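J.: Below is the structure I would like to discuss, written out as structure tokens.
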Amino acid sequence: MTAQIIDGKAIAQSIRTKLSEKVTARKEAGQRIPGLAVVLVGADPASQVYVGSKRKACEEVGFISRSYDLETSCSEDELLSLIDSLNEDPTIDGILVQLPLPAHIEDSKVIERIRPDKDVDGFHPYNVGRLAQRIPVLRSCTPMGIMTLIKSTGVDTYGLDAVVVGASNIVGRPMTLELLLAGCTTTTCHRFTKNLEQKIRIADLVVVAVGKPGFIPGEWIKPGAIVIDVGINRLDNGTLVGDVQYDVAAQNASFITPVPGGVGPMTIASLLENTLYAAEQYHD
């Protein structure tokens, strides 16, 4: 068996095209154009790349994109003050603060300062809580994008044994909640997990988000499983690879996401979907 590739790049482009059409329809109806504020603190190269991609995608679908680039030395109070002003700005539907933040700024304080109706990253405890209670509104972007990828396979998720490897607030934990909502029997694995191999080998669906190249050997993948690889790791030779040993896993899986071109584009597409949702549901 050779796995079918889940083409995140193509699916994300399809979403962006639909969003662009909706923005055009809003303009023609005399409605306001959705606005996203993107805040970057410091000059971390990876963060600059991510932020650049988000701003470019915004412009592509016709959203208003406002950029706020702050110095690394920016105080926590300065950042919170900016968020307060964006919370009250009627032209802004979504506020995104690029993580990680410098050590002197507390991530959780910043996340909780963003109004839940403008939390298009889906990180606010209110929005995570809504997902936990099976009434999601603004959902965490990467897990939301992954669910779109899984749905694209046409596989019925109800009753699947799913394993999530990684328990971060950004991916692993909300991913577990998304899979529960989709009817999966879900196991979340982390650094204290025993018998990881045993759990992976019986999984119908595996989502891996640990940031370690080739962390999951391909031979662990159950024949016919769906493999979602969230990792994006650059090797010393410059090659980008995921957290799963791709070549071997692709021989066992029924569907697999490539790295790059799998999950990454979907995170940004989901961010754009959330921004339009916030405009339509909360701010029109």
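Cβ atoms here come from the backbone N, Cα and C positions, even for glycine.
Keep in mind that this is a model prediction, so the values were computed, not measured.
Not my notes, these are from Swiss-Prot:
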type: BINDING; residues: GLY166, ALA167, SER168, ILE232; note: NADP(+) binding site
J.: Neighbour count first, Cβ atoms within 10 Å, every protein chain included; then name which of GLY166, ALA167 tops the list of binding-site residues.
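T.: Result of the Cβ crowding comparison: GLY166.
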J.: Output, ordered by sequence, the same-chain residues six or more apart from ILE232 (NADP(+) binding site) with a CB under 8 Å from its CB, or 'none'.
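T.: In sequence order, LEU240, GLY242, VAL259, PRO260, GLY264 meet the Cβ cut-off.
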J.: For ALA167 (NADP(+) binding site), just give me the three-state DSSP call.
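T.: The three-state answer is coil.
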J.: To see if you understand the setup: which same-chain residues, six or more apart in sequence, place their Cβ under 8 Å from that of SER168 (NADP(+) binding site)?
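T.: The list for SER168 (NADP(+) binding site) reads ALA209, given in order along the sequence.
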J.: Would you measure the largest Cα separation among GLY166, ALA167, SER168, ILE232 for the NADP(+) site and round it to whole Å?
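T.: Across GLY166, ALA167, SER168, ILE232, the widest Cα separation comes out at 17 Å.
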